[in-house]
Amino acid sequence: MLPLDLYDTASRDVRLDEGALVLGGMARSIDRALLDALTVVERDAPFRHLLTPGGGLMSVAMTNCGAVGWVSDRSGYRYDPVDPESGKRWPAMPAVFTDLAARAANAAGFREFAPDVCLINRYEPGARLSLHQDRDEHDLGHPIVSVSLGLPAIFLWGGQQRVDRPRRVPLTHGDVVVWGGPARMTFHGVRALAEGHHPLTGSIRYNLTFRRALPRG
DNA sequence: TAGTCTCA
DNA sequence: ACGC
């Protein structure tokens, strides 16, 4: 793995807000390793469409790896150490995932980020995620690291209140977004994925979302 | 309010 | 807006 200081932030990084940064193309050099690891996770914990508390079916298909996994059903959102679909623990987080998340957080100024969950979202054309906050984690002091792979998407970067008009941020293969501190509770989402083809993923966009959900110890 | 549906 |  590359030393922290070898990552060249001069490329096309964008600061969205204080505590929120797009690291342009940071994951690109290890894209195949990430996708290979994803294939291994997917074998034990297949993608599935979750139900929201409101009763709607999410258009994005999800799976997890790590000590816990983010799940949603009619009773609400939660982090569960067990995959409800299989009754078994989620697959372990691949080292290439953990390393990238820590490097990205570091590059954005958040030291010693040790994620215990990676929520993996699979977008097919038309799939979207409406504006929401990540608020199910025990300690909101830890940042969020979000990695884009495959087809491009429009990321919606809102404000601290739902009514704040979101900015449209184009994200492409290999981009990494990190937010924390004052930006930790920012409303965000993803616009409906456009049709397209990517050499490594075909008609799919994957998003890896790293979080620390559980208290330390 | 991690959903859909309607109306200007 | 709606209603879960």
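Just so you know, glycine gets a Cβ as well, placed from its N, Cα and C.
Those TrEMBL annotations? Automatic predictions, nothing curated.
On a predicted model such as this, the values are computed, not experimentally measured, just so you know.
What TrEMBL records for this protein:
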- A:Trp70, A:Tyr77, A:Arg78, A:Tyr79, A:Asp136, A:Arg162: substrate binding site (BINDING)
- A:114-214: domain 'Fe2OG dioxygenase' (DOMAIN)
- A:Asn121, A:Arg122, A:Tyr123, A:Arg205, A:Tyr206, A:Asn207, A:Leu208, A:Thr209, A:Phe210, A:Arg211: 2-oxoglutarate binding site (BINDING)
- A:His132, A:Asp134, A:His188: Fe cation binding site (BINDING)
Distance, A:Arg162 (substrate binding site) to A:His188 (Fe cation binding site) (CA atoms, angstrom): 9
Cα separation, A:Asp134 (Fe cation binding site) to A:Trp70 (substrate binding site) (Å, whole number): 11
Beyond the site residues A:His132, A:Asp134, A:His188: chain residues whose C-beta lies within 8 Å of the centroid, for Fe cation: A:Leu129, A:Leu131, A:Gln133, A:Arg135, A:Thr186, A:Phe187, A:Gly189
Other CB atoms, at most 10 A from the CB of A:Phe210 (2-oxoglutarate binding site): 28
Which same-chain residues, if any, lie at least 6 apart from A:Tyr206 (2-oxoglutarate binding site) yet have Cβ under 8 Å of it: A:Leu35, A:Leu38, A:Ile120, A:Asn121, A:Arg122, A:Tyr123, A:Ser148, A:Leu149, A:Gly150
DSSP state at A:Tyr206 (2-oxoglutarate binding site), helix/strand/coil: strand
Cβ atoms near A:Leu208 (2-oxoglutarate binding site) (within 10 Å, other residues, all chains): 24
Taking residues A:Trp70, A:Tyr77, A:Arg78, A:Tyr79, A:Asp136, A:Arg162, which bind substrate in the record, the widest Cα spacing (Å, whole number): 23
Number of helical, extended and coil residues in the domain 'Fe2OG dioxygenase' (A:114-214), per DSSP: 3 helix, 44 strand, 54 coil
A:Trp70 (substrate binding site), number of other Cβ atoms within 10 Å: 24
Candidate with sparsest Cβ neighbourhood (10 Å radius) among A:Asp134, A:Asp136, the listed binding-site residues: A:Asp136
